[in-house]
Amino acid sequence: MATPTMDKLEALEADSASSHLIAVTFRIRRFNPEVSADASWEDFRIDIDPKERVLDALHKIKWDVDGTLTFRRSCAHGICGSDAMRINGRNRLACKTLIKDIVSFDKSGAVSKPVTIEAIKGLTVLKDLIVDMDPFFQAYRDVMPFLVTTGNEPTRERLQSAEDRERFDDTTKCILCAACTSSCPVFWNDGQYFGPAAIVNAHRFIFDSRDEAGEQRLEILNDKDGVWRCRTTFNCTDACPRGIEVTKAIQEVKRALITRRF
Amino acid sequence: MKIHKYDTVIVGAGGAGMRAAIESTKRSRTAVLTKLYPTRSHTGAAQGGMAAALANVEEDNWEWHTFDTIKGGDYLVDQDAAEILAKEAIDAVLDLEKMGLPFNRTPDGAIDQRRFGGHSRNHGEAPVRRSCYAADRTGHMILQTLYQNCVKEGVEFFNEFYVLDQLLTEVDGVKVSAGVVAYELATGEIHVFQAKAVIYASGGTGKFFKVTSNAHTLTGDGQAACYRRGLPLEDMEFFQFHPTGIWRMGILLTEGARGEGGILRNKDGERFMEKYAPVMKDLASRDVVSRSIYTEIREGRGCGPEGDHVYLDLTHLPPEQLDAKLPDITEFARTYLGIEPYTDPIPIQPTAHYAMGGIPTNVQGEVLADNTTVVPGLYAAGEVACVSVHGANRLGTNSLLDINVFGRRSGIAAAEYAAKHDYVELPEDPASLVEAQVERLRNSTGKERVATLRLELQECMDANVMVFRTEQTIKTAVAKIAELRERYLNVSVQDKGKRFNTDLLEAIELGNLLDLAEVMATSALARKESRGGHYREDYPNRDDVNFMRHTMAYREVGDDGTESIRLDYKPVVQTRYQPMERKY
Ligand SMILES: Cc1cc2nc3c(=O)[nH]c(=O)nc-3n(C[C@H](O)[C@H](O)[C@H](O)COP(=O)(O)OP(=O)(O)OC[C@H]3O[C@@H](n4cnc5c(N)ncnc54)[C@H](O)[C@@H]3O)c2cc1C
Ligand code: SF4
Ligand code: FES
């Protein structure tokens, strides 16, 4: 451990110890059909440490101000996929987005604009930030998202070279958060489109050297609601909290459909 | 109220629940009730790996694994169960590979293995490579693979259904499981599931601590539902504090980081674990490392302005190795701390991690009503259960193993039981308890707030029943919990609606945490010794004469309605290994 890094760490830690709060307005899209048929924006102004997560801010509002504010969450560190939402117009996980990264300051040092938060698009909103995830999971189930093999099971593990394992590594990271699918303009216009997440999960098996149902999955994705609908807008790749190269995976599936090699 | 009928009902869709479901769906008509979408379960957060003596990279065998598990658990482990765990580990890993799990591979294409705390060759000689892994997202891959196979098998899920009560019916003087009562999040409707067999796989209870690696949803609902119906909870005083949580946040940084060569350092840059565990050093078992960290902090060698943490140093490892083996946790450091682990050490502190105790079961997953009698038709597996394979301290990588081995066993046993038995009659007015609970909370005009009580509970638990405990701190906790339980009666919720009322469910979850915290503190107070994760400064030694036994805690209700906890004890099963002093 070199000294310069220690200095930097000390600064970071001193900063953390003296946590300073800033006042931020969260403008949240509310909807509760038990109360009103229409959705509306509601502002909440709270003091919060800029190093905290947007999820922490939502909790602060729910716990201290308005218990009816409703959202899904569980792990709080970007691994369970519960809390994809539109934050300042971009799909993100609330638990993986720090306040300091989404607020801007005016000359006086005050936060200049409200942070907007709304449900992800393209799926029916059921209450506040909660959407109906069933169509999303249905598309996932439709691509046969499981290993298919024939013949006798080996007694030990199937062998797979490190290179073959690497081939589909990226798409194994998916947490099914729907940030990609619900950022896709094609999906907004036509909910029948499988959407990027389902294609990512098909990719994960098509390019797994142990799997034997690649052809079948490709046929499913050759459908009119399949990969050819993708217009390569890269919204999905930008949205993915796991850093998966979603568009690249879709392109690889398209190429496999043409060459029939995978 | 709706009534459903299934052969087998599984509560929870984490690793244990889905592993059980894959077996029971093949054999019986099964419903899985889960408060989260299955892939949101906290099994997905597990990073480091799953233990099995595959011996793919060096000599190893299940006997060594059994021994390490027993020693790691400070001899409170039931040795027959540990032997099953270690033996069946090998097939458990191979089964997952065959289901499609993308393990990291050796140069020959076999499943790769790495070191993990407490796992050794030949009874403690040196660390051994026993953990099978998929980068640092092994739990994610297990959860995904099991869900994929549930889709393949057509497992029937009821997503966002919260099980809040366990139904028991007396048949010839014996309590038999009749089903469960669940609350549907989307509609607020209450459902009764009548079932021949019920399996609890609802996970841990870490949210009664503040600094924890556990998800917001880990509130011990399954433990509480059984406990309230008079069933015992075993060894609840044993909770594991993982040495390396991100400072103040508690987000876990896997022990695999130390398995890959990471080193713990104090403010002087000293590798302090050399003093406390000369052989295993940074890879000594978790309770030992967590206590060492706090000893450094207490003796003034902690880091930062408040001296309240130490460093996990990965800076000497090549960036390629960090990218390939530890991509997620290095990203956590960047995202949440703004630290670059290639060049900067990461501030860490112990974090509340794993409940060793839980619903007592035998090795078939059958729930015990006392030291010997089973509750017919009732099963439990995974973190909610206590078999006990982890004893006083769980070894890293043994829980992903536990959920697979005992998830599978309980799935088979429950389905076979369902095939041989008929439904027992539901108790009269089966939903009454849940209905009353929900109505009371919805209509309450009390002044207490859920968030306030929960925070006070968490701060009290962190301060008083964490890594170091004394009679005085535990008594402080017991008194505080009693006060909070009293105030809980005046809790009200703001959301009075039926639709996705998470406000209401957080209130119910808090009630569960309060009950379980009370059991934990009461059990800890009575255990006047130090063993594994339970460390009493006033009784620093293990006391095999008086305490080589499992705690069994029962809820008692007096004639006047007053509640109390009765503690009883259950012998430890010892087969081959005589208790020895634990040194690493
Ligand atoms: C950050 C972290 C890292 C870890 N790393 C490792 C590791 O590397 N190796 C290892 O062996 N172990 C590890 N562990 C421990 C291990 O991951 C867990 O103990 C294990 O995954 C628990 O699995 P489970 O199936 O019992 O519970 P969970 O996966 O927590 O699932 C619980 C399920 O129960 C459901 N549920 C809960 N309450 C209710 C209710 N009231 N009604 C209906 N459903 C309900 C939930 O929806 C969920 O589906 C780690 C733990 C954490 C927190
Ligand atoms: S590909 Fe990325 S954005 Fe899409 S569902 Fe998976 S993790 Fe979420
Ligand atoms: S809460 Fe789990 S991903 Fe955000």
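For all residues, glycine too, the Cβ spot is worked out from N, Cα and C.
Nobody curates TrEMBL annotations by hand; they come from automatic prediction.
Together with B:His242, B:His353, B:Arg394, TrEMBL lists one candidate of B:Thr254, B:Thr335, B:Thr372 for binding substrate, that being B:Thr254. Sorted by the number of other CB atoms within 10 A, the recorded positions B:Arg286, B:Arg394 start with B:Arg286, the lowest. Within 8 Å of the centroid of the Cβ atoms of B:His242, B:Thr254, B:His353, B:Arg394, where the record puts substrate, the same chain has further Cβ atoms from B:Ser213, B:Gln240, B:Leu252, B:Glu255, B:Arg286, B:Tyr354, B:Gly396. The local packing around B:Arg40 (FAD binding site), expressed as other Cβ atoms within 10 Å of its Cβ over all shown chains, amounts to 29.
By a Cβ separation below 8 angstroms, chain A lies close to these of the binding-site residues B:Gly12, B:Leu36, B:Arg40: B:Leu36, B:Arg40. B:Thr254 (substrate binding site) and B:Gly48 (FAD binding site) have their C-alpha atoms 6 Å apart, to the nearest angstrom. For B:His353 (substrate binding site), the number of other Cβ atoms no farther than 10 Å from its own Cβ, over all displayed protein chains, is 26. Local packing around the binding-site residues B:Ala16, B:Leu36 was summarised as the count of other Cβ atoms within 10 Å of each Cβ; on this measure the leading residue is B:Ala16.
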